[in-house]
Amino acid sequence: MNVSLYRRLIAFTNARLWQLAHVDILLLLALLLLMSGGLFVLYSASGQDIATVERQMLRLGVGMATCLALAQLPPKYMRRASPLLFVILVALLIAVLVAGVGAKGAQRWLALPGGLRFQPSEIMKIVMPMMVAWYFAHRPLPPSLKEIVTVLVIIAVPSLMVAKQPDLGTALLVGVSGIFALFLAGLGWRYILGAAAAAPVAVYSLWHVMRDYQKQRVLTFLDPESDPLGSGWNIIQSKTAIGSGGVYGKGWLEGTQAQLNFLPESHTDFIIAVLAEEFGMLGCVLLMCAYLLVIARGLYIAAYAEDNYARLLAGSITLTFFVYMFVNIGMVSGILPVVGVPLPLVSYGGTSIITIMATFGILMSIQTHKRAL
Amino acid sequence: MGKHHQVFRNYRQEQRLTQRRLIVAALLVLLMMGILISRLFYLQVMQYDLYQTKANENRVMLVTEPPPRGLIYDRNGIVLADNRAIHSLTVIPERAGSIEELRKKLDPVIDIKEEEWENFRAKLKEYRRPYQSITLKSQLSDVEWAKVSVDLYQLDGVQVEAQLTRYYPFGEAFAHAVGYVGRITAKDLERVDKLAYQGALFIGKTGIEEYYEQALFGKPGLSKVEVNARGRIMSEIERQNPTPGEDVQLYLDARLQQYAFDLLGNYKGSVIAIDPNTGGILAMVSKPGFDPNLFVRGISVKNYARLRNDKRLPLFNRALRGGYPPASTIKPFMALAGLEYGFSSWQESYYARGYYQINPNGRRYRDWKRSGHGWINLERSIIESVDTYYYQLAHKMGITPIHTFLSKFGFGKELILDLHGASRGLLPSNEWKKARYKEPWYPGDSVNVGIGQGFMVATPMQIAAATSALAARGHMYNPRMAMSVGGHSPFLEDEASITEHTIKLKDERNWQRMVNAMKKVITDSLGTGRRLQGTEYSIAGKTGTGQVFSLQEDQEYDAESLDKRLHDHALFIGFAPADAPKIAVFAIFENGGSSSKPADLTKALFDAYLYDDYPDRYDYFEEWRR
């Protein structure tokens, strides 16, 4: 009976229909699970504002549409377009630095006609692994030192430009997505260990290019109690929310930290604290399991992708998604500095939902356009 | 080389390479997930109690509701300190917007002085709970109240609050006895429970208001409320209603107090009346006084400076702190000391010349009567107030027996039980002079003390208490203001050792003999108090004229008042009816010249108190009876 159920499940997921529609049903289900859980928490985090939840559903819908649309595009076209896209985006990043608009001392957007705004760095998160994967597509793996240096330059230029805006969180994700592709391409362990050894030097030089408010975030991270009402407030309140949730939580809509506004940014970057307060450790672990499902499927798709380009791209996309989640939860729970990374697909708003869903469209495309299963 | 490889690329191997890397990555993912979960475990399981507490501290706040303050009554139930409802214009800054906007909106509606805006700005800077209102203008008139109320709907964050404020209906005459409340300062908060006074408008600063602060204040209501991060109250979790402060009833007779104050006329001075049967203070006047109502909502700098700089020292409580030479009013006590220690007797005669000398060629200590009094005895020394008799008596005794005996009557002690800040005066002794002047006690020092001058300094309260003890034939009470607090005596019966004691004499008959002598001060044709003759009851009294040292704080006086300084202080002690005393009085007119003024005042008080016979203008006190 169990065996037959399993077979029917396999049969369902491999159904010809999904293949024709270029939908990876397992990934889709995992994503839907994550999204619905997220909406549930958002309702509480937004102060029980159904309008916020509706707007988020709209965004998720647009994201899903983007995903399914991109899934129709065969990976070979993506591969061919990769270098051109990269060049265009680098040009746009330059434009942002020269003529960008923004708020709070950061220039992140390009103003479009009709009052619209466009954030090139967000698209760069997708294009970066595409570019690195493209670079390795026609070269034998593992890469030579010359190739490694070339790729590092490819990664460094846009990352530094984004960091300059300044947008440390996005710069980190852009850089990391390129590095992951490089790692999956077989970057020699001796280089990895060497880089690990050189990290302290890098940290030191990074400190010197950081803006004051970025330095403040790091300092606050290291000692939140030093400024409990100023920059330490966020992290103290989020830790309090998480810790007071205990194992089972205070119950949905019952979190005092979240409902009485002690928790800042409770429906955006700090939404995991709401979950932790109201559903406890149990809720958090369940949510992380949902993420793990998505990540596991992504890694599976990467491992069995058709060619190097697809493998590196799929792997990098999946691991970057994980980094998103890790950095966000790490930051909210106080083991990483506050860098302004949303919890993917759960935090309210932002272009990030669309771009993340676009990357899952790429994953689906890679999985469903294989010539032979 | 690259091209060579390109030809023979092993796609299978490259796929395996990436797959191995993916496995490494998957393991790293699991490891990092593990890190996150252990972090959550640390926060949510191991540190749960800590954060649970923190979250509760965040959301739960205690808000106090000040209780209505207890009232202060005189012995007949006349209100001396009342609570009055006033309407104040208060502002919740979080809702009212900037001060400039607020001014624009309020200016056409109500006249608010620049000073009031200044106060408002100052209060805005102090710590307060968010959404707590700040008073902008207190004590709105009815017209103002009506005008503001009409426009209230379009004034965000502005409201009219009813508050209870303190009101002293009789003002100046009672300022030093009842005291006053004032704005709570940071210093006040150091000695009280901060939480209890949160939201309270004032605290007892002086007098009864200060001494019985705890009872008068009551117990504030306490509510536990849930607040949001901006401090706004969302809901009430628990509530405890305030317990009103306890009423304090004084021994004071309001009309007697006012009468004594008025009878002092334009003189500075002090009058104290004590009931010898209880030690209760019937009147305690220090003139000039001031309007205590000025202090209630915080006194303005201008008004305070005016009171501080007034040369007549209106803020100085002469009754408790004024240091005067008791002058001849000390003679009855000095005579009792001489009798007690065998230095004099009722029978012994003494030839009183116009002066006294320690040595035949020494300094002449003059009698007030230049020709002398001739042959006299102890009784006549009281009646005629013979200085030379007491010069020789004090000289014979020396300071130690004087010190011992007068201490029993409370000289050199704070005495009063329920007011702070009483001075001890100065009852000199050998040891004191050595410590103070590094000199021995000279016989001449004793001579001066014999007539209540020299080093001796006493407060009106001390002289009044000693007079009361004499009236009660040695039953000495420490004087007290409050008859009852919250319906109970403020001093328990087993505290009698603190509140009273009996002065024992070797010959108890000396009490009555001394009273008889003091009666003759009035009735004798040569008595210094003979002007008080003609009452239906008998008076025992003793006059005194003090050589002027003025107040201890006499550096406050300047040349301009020197003329008046030349006048002696005029003193009188007395009690009536002499053989069943109901009231003992001490009165002093600073620079009053002759003792006729305090003597007349004392008699007027006796008449009023004993026969309940006050001038008609005091009828208005009845309106304040509750």
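Glycine residues also receive a Cβ, built from the backbone N, Cα and C atoms like all the rest.
Taken verbatim from TrEMBL:
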TRANSMEM  A:21-45  transmembrane segment
TRANSMEM  A:57-73  transmembrane segment
TRANSMEM  A:85-106  transmembrane segment
TRANSMEM  A:144-162  transmembrane segment
TRANSMEM  A:168-185  transmembrane segment
TRANSMEM  A:279-300  transmembrane segment
TRANSMEM  A:312-339  transmembrane segment
TRANSMEM  A:345-366  transmembrane segment
Beyond the flanks of the transmembrane segment (A:57-73) by at least 6 residues, Cβ under 8 Å: 21-24, 31, 35, 39, 345, 349, 353-354, 356-358, 360-362, 364-365, 368
Stretch of maximal Cβ-Cβ contact with the transmembrane segment (A:144-162) [cut-off: under 8 Å; candidates A:21-45, A:168-185, A:345-366]: A:168-185
Segment-segment contact (the transmembrane segment (A:345-366); the transmembrane segment (A:21-45)) at 3 or more Cβ pairs under 8 Å: yes
Within-chain partners of the transmembrane segment (A:279-300) [C-beta distance under 8 Å, separation at least 6 from its ends]: 24, 26-27, 30-31, 33-34, 37, 41, 245-250, 252, 272, 314-315, 317-319, 321-322, 325, 329, 346, 363
